[in-house]
């Protein structure tokens, strides 16, 4: 049959008559499988539907739908699904879940929602797993409003959400800062017979602390401690500790850390990192260093975040030389610095006018597999411009561009002001024109600075021209 179909198109009446009398649903399924090409399989299906008196099996449709979904041909999968329904077959929950997941992964949320609505009207059972999977993909692909809409429109269609459903929506809402709306879902859970688990609590506590509502997060932590079926874990404590650290409330953060330890919950590397970073930002490097030294006793190995936070702390209190010892410790422990480790150190050196050392770190950065960012180069460029060494500043900009790191608004503004200060007004105008041509819009600081310098240099026409094109 495969040979006839592939090599004898169109089939004559004798062939069609023979197939009509001898082809069975099982043989027809084997033919589709043997063709090993879903496009040929669909053509054979359409041929047999139109010209042969055969009732296709569920497994033929199942095979073609899955094959087309795996190939990303969702329109064809949908067509086969329509044939399937017309021919009197309904999908089972496994096939339906597969189709919804496939459409969701491809971002075809409209198609997935339409499919859900259709099968529910046909009284096909839609598992909560399939709906949750679709909601999860919508949230991950930043289609939060569509996820909330899908949840609401399915409530009246025999859809009973479970704890995972609420966790998905609460996570999505907290991630975009809509904590109050997340609380509405949190409060609705019990009306559906669902109870928040530790994932629910951790998600909403983290959302509150990211929005600087740390006291509310701490209250929820205390609520968990009173429950018999749920207990706070290291993630719960770390979220609230991190919130206090971001507010600079290190006493509260330390007290909660001690409370966590006394409850028998061991800290993680992340717990130590947020505390070390918090103490570093308030300039308490004794406490930061003490925590760093305690990490090993809890089986926590310092990572690049740990070292970067310590380096940042020492740089903030003006002890750049002490931060170099941490660079040496990183080498010993085989921890690679990241873009922020370099940026913090280079910025601190530039503040102390140690430009040659800053350039040494720039050269080291370029030897590593790190994607450079303009904010790393800008302090060095600014330092050379303020020192009047425009040639070196221009050289660093050329190095930036060679590394596929395009100058940003700050880079251009530094260069424009630097050239103006040296009286190179035409060069400053040229840099400004380049800024516009590469699609980097200047801000008020850039425009005002350039216009002011042009007026002081006795170039009112040029100043007026700049004012006109930027308005």
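Any Cβ shown, glycine's included, is placed from N, Cα and C.
What TrEMBL records for this protein:
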type	residues	note
REPEAT	57-91	repeat 'PPR'
REPEAT	162-196	repeat 'PPR'
REPEAT	197-232	repeat 'PPR'
REPEAT	233-267	repeat 'PPR'
REPEAT	268-302	repeat 'PPR'
REPEAT	303-337	repeat 'PPR'
REPEAT	338-372	repeat 'PPR'
REPEAT	373-407	repeat 'PPR'
REPEAT	408-442	repeat 'PPR'
Same-chain residues at least 6 beyond the ends of the repeat 'PPR' (303-337) whose Cβ lies under 8 Å from its Cβ atoms: 269, 272-273, 276-277, 279-281, 283, 285, 288-289, 292, 295, 344-345, 347-349, 352, 354, 368
Intrachain neighbours beyond the repeat 'PPR' (197-232), with Cβ under 8 angstroms and 6 or more residues off its ends: 163, 166-167, 170-171, 173-175, 177, 179, 182-183, 186, 189, 239-240, 242-244, 246-247, 249, 256, 263, 265
Close approaches to the repeat 'PPR' (233-267) from elsewhere in its chain (Cβ under 8 angstroms; 6 or more beyond its ends): 198, 201-202, 205-206, 208-210, 212, 214, 217-218, 221, 224-225, 274-275, 277-279, 281-282, 284, 287, 298, 300
Residues from the same chain, set at least six apart from the ends of the repeat 'PPR' (408-442), whose C-beta lies under 8 A from its own: 374-375, 377-378, 381-382, 384-386, 388, 390, 393-394, 397, 400, 449-450, 453-454, 457, 459, 462, 466, 469-470
